[in-house]
Amino acid sequence: MDIKAYAKINISLDVIGKRDDGYHLLKMIMQNIDLYDIVQVEKIPNGIKLKCNKPYVPTDERNLAYKAAKLFKETYNIKSGIYINIEKNIPVSAGLAGGSTDAAAVLKIMNKMFNINVTQSELMNLGLKLGADVPYCICGGTALCEGIGEKVTKLKPFRDKILVVVKPPFGVSTKEVYKAFDLSKVIFHPKTNELISNIEKNNIEFISNNMKNLLENVTLGRYKIISTIKEEINICGALGSMMSGSGPTVFGFFDDMLKAQKCYEKMKEKYVDVFITRTI
């Protein structure tokens, strides 16, 4: 049994507080894009085995998809073993939820495969034990995510918007970025409610001009190349560009496929991980 595990971008990311346990309270708009891993799950006699086409991806308990299989087996007392194969296309440590979306895919497949058939809401609660992005990845589409990311409210779909996605040649630790984030230094917060109403109006110009990610305050300061990529995408004719999640990936929206194609070709001369895709 296999499914596509889609990457996500943030249309906005606001930090509104901090819990006693150190987790930040967020208000963010998440959006799936047509860039995906293919996650295959099969029954085997015992244990958990994981294989991936990218050698740098861990295939043991460090892998979130492996952890997802283990959690599901333990929660629902599954005796059968599990074989997971991941065809990885989403860059890792990129701010695109590559690990979370694979974990979500494993939970969704196992729920069907073993006829457990828990509700999406229950599956999302289980996914939260693996990471804050996993509940959204189970739900998908266009959504407002609050709390630490676990409170997911579906929004009107914001589909078929063209974007170019560029990841610089390094990864970023989400944990480290949040650790360095200082809420007291924030002056302007994202206009989340206005962004939501303009998603409903399908207003790509407003979205592109007003999308905001507070984690840029940390990551852009550490890596000048991210600002450079944003500028390069804008020069190519993007309606606007922004870093996704904790970074370092940058995306830009385009209203014209020809401009996007030219931008893709230009970026591909300098960077390895470049994609031309759409919102879904």
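The backbone N, Cα and C atoms fix where each Cβ goes, and this holds for glycine too.
According to Swiss-Prot, the features are:
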ACT_SITE  LYS8  active site
ACT_SITE  ASP133  active site
BINDING   PRO91, VAL92, SER93, ALA94, GLY95, LEU96, ALA97, GLY98, GLY99, SER100, THR101  ATP binding site
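Swiss-Prot feature annotations superimposed on the structure.
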{"residue": "LYS8", "record": "active site", "Cβ contacts under 8 Å, 6 or more apart": "MET30, GLN31, ASN32, ILE33, LEU96, ALA97, THR101, ASP133, TYR136, CYS137, SER244, GLY245"}
{"residue": "PRO91", "record": "ATP binding site", "Cβ contacts under 8 Å, 6 or more apart": "GLY98, LYS167, GLY171, THR249, ASP273"}
{"residue": "SER93", "record": "ATP binding site", "Cβ contacts under 8 Å, 6 or more apart": "GLY171, VAL172, SER173"}
{"residue": "GLY95", "record": "ATP binding site", "Cβ contacts under 8 Å, 6 or more apart": "ASN10, VAL172, THR174, MET243, SER244, GLY245, SER246, GLY247, PRO248, THR249"}
{"residue": "GLY99", "record": "ATP binding site", "Cβ contacts under 8 Å, 6 or more apart": "ASN63, LEU64, ALA65, VAL92, GLY131"}
Collapsed DSSP category at SER93 (ATP binding site): coil
Additional residues around ATP, ordered along the sequence, whose Cβ is within 8 Å of the centroid of PRO91, VAL92, SER93, ALA94, GLY95, LEU96, ALA97, GLY98, GLY99, SER100, THR101: ALA7, ILE90, GLY245
Surrounding CB atoms that lie within 10 Å of the CB of THR101 (ATP binding site), all protein chains: 28
Cβ packing number for ASP133 (active site), 10 Å threshold: 27
All-chain count of other Cβ atoms within 10 Å of ALA97 (ATP binding site): 29
